[in-house]
Amino acid sequence: MDWKTIIYVILLMSLAVAKALPRTSQDIGEKANIGQRFSQLQENSFKAIALIMFAQYMPGETFGRAAGMAEGVTALAKRCVAAARDSPDCLKPLDRIFLDTICQEENLPGFVDCCSKKDPERNDCFLSLKNFSRGFPSLLERPDAEAACRNHSQHQQTLTAHFIYEVSRRHPFLYAPTILSVALRYEEMMKNCCGNAEGPSHHLEECFQTQAPKVMKPLREDALRQEHTCGILKKFGERTLKALKLAQISQKFPKADFVSVHKLVVEVADMHRDCCRGDAPDCMRDREEILHYVCTNQHILSSKIKQCCEKPLLKRSECLVNAENDDKPADLSPHVREFIEDKGICERFAKEKDTHLARFLYEYSRRHPEFSAQMLLRIGKGYEDLLQKCCRPGAPSGCRSRGEEELRKHIYETESVMKTSCDIYKEKGDYYFQNELLMSFTKKMPQLTSKELIKFTTEMTAIGSKCCQLRQDKLLPCAEEHLDLVLGEICRRHLADPINPGVCRCCSSSYAFRRPCIGKLEVDESYVPLALTPGLFAFHGDLCTMEEEKLQHRKQEMLITLLKYKPQISPEQLGSVTAAFAAMRERCCSEADPEACFLKEGPELIKRSEKMLSA
């Protein structure tokens, strides 16, 4: 199997694809068949995308099997282009061909139930099996530099294909163009590091340690963002996703007119629909068409994207996502009073509700780049509720004007929450700020494991580090939009294995209000606290010899266990227990035999603490 030139051909092809792909089939609502897709993408690009799809659908299968199936589908595509274009197999939708190929394979017991269903239920079943966290070891975490370079020199033709396969099976929701971009960065890293393989081995190790995070960090961030978007689409539907994209695009392109922004919103939502249902070829085509539209219409969209549009196609999307918002038009009025004061508002709301609300969200978002997209959605929902109340027959005069007071109140509350969090972060620093989060979230969600609670609060603490140093006008978009990603992870965890009724309510009722809802959760009253067993709190001599980072981790695990044992513990009680533990540790670590000391003092500490907590 010759994978040698796949990445280079993909790059060259992608530069021209946006202009070369015919648009007629999508414009009239038809999906291109396998022969058309093969002709558009060409063999190597088609084969790489096929490998991605099979690896994402079958992450437990070997590279050889996924690659063999990709070869089989590619061979069918070539036959369909050459002679058999009217064959029933050639006229099937592409996603059906991929699933048929999997279902025709032998010894795949995990897919029997899905394969017994008919489309579209079969595709939905396969998508439900995709799992973001399958426990694969992290890629490039501790690479053997010498072995990697030896592999690169001896097996260059399959190494990058292997990497594509490994990334795909670990990230089943990651879009094909993103995986191809990551593969390019990987290939660049291998060339840069292994090009100097004659030097000392420690230089190789240093090169990999420096370069690997540059490959993997954007990958993890993209994977999380894309899974998050698919989660929003699946749980809250296309209307919510379109509203979110409308707010984000209006902020990024405030000079663009409503019609242009709305066109982009529809195209982006369509792209996510194709990408989230696993249709990799259509996903890639949709994305290329959007990039083509944006870059050929810079004059009406933004003055800040010129450099992005000069980049190669596979790097262009990431650049546009991270591009700064364009400047607001100089003549843009600061207020949108016409949406409150105009006499014909209720009539327009009644006749074209969604269009009217979309125009309000567009106008408000382009004026407020300092707000998060989630906050803008809450403002949009508040406006909708206001019109529903005030446009009823018999509504009191001045009803609509009261909405401004509610709006100011909500803005103040949101900004206060973020300011308070940042003040705590700046005062306490990473470790103690995370402990505050652990106390809060263990009480809200005691059903989560210690590992999960530490993971989620570590991510939240990183948000504090990233966002709390920013100017006030950048703080809210940074903090709430990054926090939204973490809360999305928690809600997907809840979907896979329900946490508790409070989390269920917050994760299900409203996307825009998810963050305030979770913020207001208190102690989960449905939780049955842990019983005090002999092994619940164990203290050993390694508490004296651990590195500081590991000791902090151990202390956090003990904090979580304590909170699961006594969810109603007061801050004063917690402070007393913490101080008693610190005194015991200092005393035992000064003894000749710390282990014996802990065995004696530990049970005594537990007894005293239990008595105090029961008082």
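For all residues, glycine too, the Cβ spot is worked out from N, Cα and C.
Bond annotation: of C504, C506, only C506 is listed by TrEMBL as forming a disulfide with C517. When other Cβ atoms within 10 Å of the Cβ of C517 (disulfide bond) are tallied across all protein chains shown, the result is 18. When the disulfide-bonded residues C149, C391, C467, C507 are ranked by how far their Cα is from the Cα of C275 (disulfide bond), C507 comes first. When pLDDT values are averaged over the domain 'Albumin' (217-409), the model yields 91.
Near C507 (disulfide bond), with the C-alpha within 10 Å of its C-alpha, lie none of the recorded positions D279, C309, C346, C391. For the disulfide-bonded residues shown (C194, C230, C283, C589), fewest C-beta neighbours within 10 angstroms: C589.
Checked against C230 (disulfide bond), the disulfide-bonded residues C103, C295, C422, C468, C517 differ in C-alpha distance, with C517 being the nearest. On the backbone, the CA of C115 (disulfide bond) and the CA of C125 (disulfide bond) stand 9 Å apart.
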